[in-house]
Ligand SMILES: Nc1nc2c(ncn2[C@@H]2O[C@H](COP(=O)(O)OP(=O)(O)OP(=O)(O)O)[C@@H](O)[C@H]2O)c(=O)[nH]1
Ligand SMILES: [Zn+2]
């Protein structure tokens, strides 16, 4: 079950939508990621389809990274012209480079994989009680306006013998947040990733975020925030388990 609620803590008022289980852990839109495309291009060059390569030339991957950075820089330059700025003015000279690098950082999740980030940190502990990592800060970009949305994620699961290194839950959030996203898909992808790596008895993910596209522009509602949840397995089937999770994420820890 997934759930989304805006402007309040009572998620039951929100619209509900159901998603099938076992969806692929891709970038969610069925498209090849820019980095995958970049790797394919680099491979072509490595395979000799990209013309001769000088001995002192940058490696194919480096060359390709430079090429995509160049494309991004020109696009930023055009944006500057579009907003009526002069890209040659001193303060803006390095702006295309900075923006391109910032965008690359903010979308680095396209370049990561679940397998690499988990790095085998799955332990057979025989622990079968709820594990919850809450208040995981997240920063993402909405795919509609490419403006930030930011907030917190809470990720819980009930193991079926296997547990994962705690930091890996935060890394999973990070991998999916560092892409162009909608909050609902981000929430669902995190839940499905935990399900994939651990096959636990259940997974629950709640994301609370505020969207700059609703704050700084458009409807301009600075106090609004959106809550989305994805509940799988026992969190979906058993109301008591779901309530225990919701109580735990409401409780303020004493060290705060
Ligand atoms: N469901 C969902 N919607 C989002 C998310 N981020 C942004 N949006 C919404 O995407 C919608 C895009 O609507 P459009 O009418 O195509 O674009 P717009 O004219 O810029 O819309 P306004 O923001 O209402 O001005 C807006 O309602 C945004 O609030 C998200 O994570 N989830
Ligand atoms: Zn938006």
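A Cβ is built for glycine as well, from the same backbone N, Cα and C atoms used for every other residue.
Positions annotated as region 'Disordered' by TrEMBL: 1-31 (among others).
For 1-12, the entry in TrEMBL reads compositional bias 'Polar residues'.
Annotated region 'Disordered' per TrEMBL: 38-57 (among others), in sequence order.
Across the domain 'GTP cyclohydrolase I' (73-250), mean pLDDT in this model comes to 97. Look at TrEMBL and you will find 73-250 tagged as domain 'GTP cyclohydrolase I'.
Residue 145 (Zn(2+) binding site) carries neither a helix nor a strand DSSP state and counts as coil. All protein chains considered, the CB of residue 145 (Zn(2+) binding site) has 16 other CB atoms within 10 Å. The Zn(2+) binding site annotation in TrEMBL covers 142, 145, 213.
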Key: residue 213 (Zn(2+) binding site), number of other Cβ atoms within 10 Å   = 16
Query = With a radius of 8 angstroms around the mean position of the C-beta atoms of 142, 145, 213, what other residues of the same chain does the Zn(2+) site pick up?
reply = 141, 143, 144, 146, 147, 149, 211, 212, 214, 218
